[in-house]
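TrEMBL lists 59-70 with the feature compositional bias 'Low complexity'. The feature compositional bias 'Acidic residues' is assigned by TrEMBL to 388-397. Feature annotation from TrEMBL assigns compositional bias 'Polar residues' to 403-413. Positions annotated as domain 'Palmitoyltransferase DHHC' by TrEMBL: 205-323. Sequence annotations record features per position, and here TrEMBL assigns region 'Disordered' to 45-70, 384-413. Per TrEMBL, transmembrane segment is recorded for 95-115, 131-149, 253-275, 287-309.
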Amino acid sequence: MKVLGIDCGTDHLPLQHCQFLVGAVTHACCVRKGGSALQPHRCSSRTQGEGCRQGRQWSAARPSASRPARSMFEPRMRRGWKMALSGGLRCCRRVLAWVPVLIIVLVVLWSYYAYVFELCLVTVLSPAEKVIYLIFYHAIFVFFTWTYWKSIFTLPQQPNQKFHLSYADKERYENEERPEVQKQMLVDMAKKLPVYTRTGSGAVRFCDRCHLIKPDRCHHCSVCAMCVLKMDHHCPWVNNCIGFSNYKFFLQFLAYSVLYCLYIATTVFSYFIKYWRGELPSVRSKFHVLFLLFVACMFFVSLVVLFGYHCWLVSRNKTTLEAFCTPVFTSGPEKNGFNLGFIKNIQQVFGDKKKFWLIPIGSSPGDGHSFPMRCMNESQNPLLANEEPWEDNDDDNRDYPEGSSSLAVETET
């Protein structure tokens, strides 16, 4: 006899189990054959026999034929959809991150067309004036685009391997369930590294995402999803994280941007007045010249403020993050902990050789993992004495058991 195309009453499928394909009986085992079809019957608890018990065992071991797709495939499909959606969102975020850069590029390309063609080649009548304008403009334009390119495509530098937890240490750290042992493991590893900064509570700075002990002035960028050496900030206008490897290029980009806008505004202003007074014919170039002056002045005001702020940071040897959050050393908070003096502070960004200060090539001293500090030079130079003493808080005055470390470990992201 066949039910749904399957032979029943054989060794492969006993007769008492065929009812599962129909699902019409109370107990999952008892069927009676009547003619050519299966006729289910209800079993009372008193007449329930071995077949019923076997049927219950078989049904418990084997899922119902009407529900396998829901129990086995739907969770996988949900996970697949979630992964696809997450991947699509990440892809969209990467694409949208380039929108500010695209806006800047389009504005620069239009300014090039408006200045070179509409102003110099169409509006300016004197050949000598045209040549002078174009020579100085292109000299500034080359350095402006060069520094912008370097700011965008110079990758942020990450901590080297010695600051990362090894595979064995990572396994040991993650498998350890006692927090105090985990803390002591990180304290022991931090003692082997040139790390002098701490968190606000005096803890070792540890990144639980990158699994590394952070070097001095290193921070985790949530946008780039990595730790960046001497991180200053993440700039959407260059779609890059500004740090040790490209801070010089970013500062040069601001300087040449200010110079670019100032040069355009000063050379266009006289022709703007002529168009305003009606001394020049009202042609298509008039609108390009008018908007060129307006855009140049608008960008100049915003850029000169930003450039001035970063010049102040360089003069104090600070990053943007350190300006908002005072760095904490092993001896306590010190807002001027990296201040070495005006000249040395500038050299920390641009290098010792002044001939490279205006050229966008890497000349910053050091490797980005350790930096000269004010507290290390106090014994040699009394002018670098601390301006404000650090007062211990109550947490540092607590009594610790003998043999335990008073240095806590706190994870930061």
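Backbone N, Cα and C define each Cβ position, glycine as well.
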Practice problem: Give the one range among 131-149, 253-275, 287-309 whose Cβ atoms make the most pairs under 8 Å with those of the transmembrane segment (95-115). | Solution: 287-309
Exercise. By DSSP assignment, list the helix, strand and coil residue numbers for the domain 'Palmitoyltransferase DHHC' (205-323), in that order.
Key: 68 helix, 17 strand, 34 coil
Exercise. Compute the average pLDDT of the predicted model within the domain 'Palmitoyltransferase DHHC' (205-323).
Key: 95
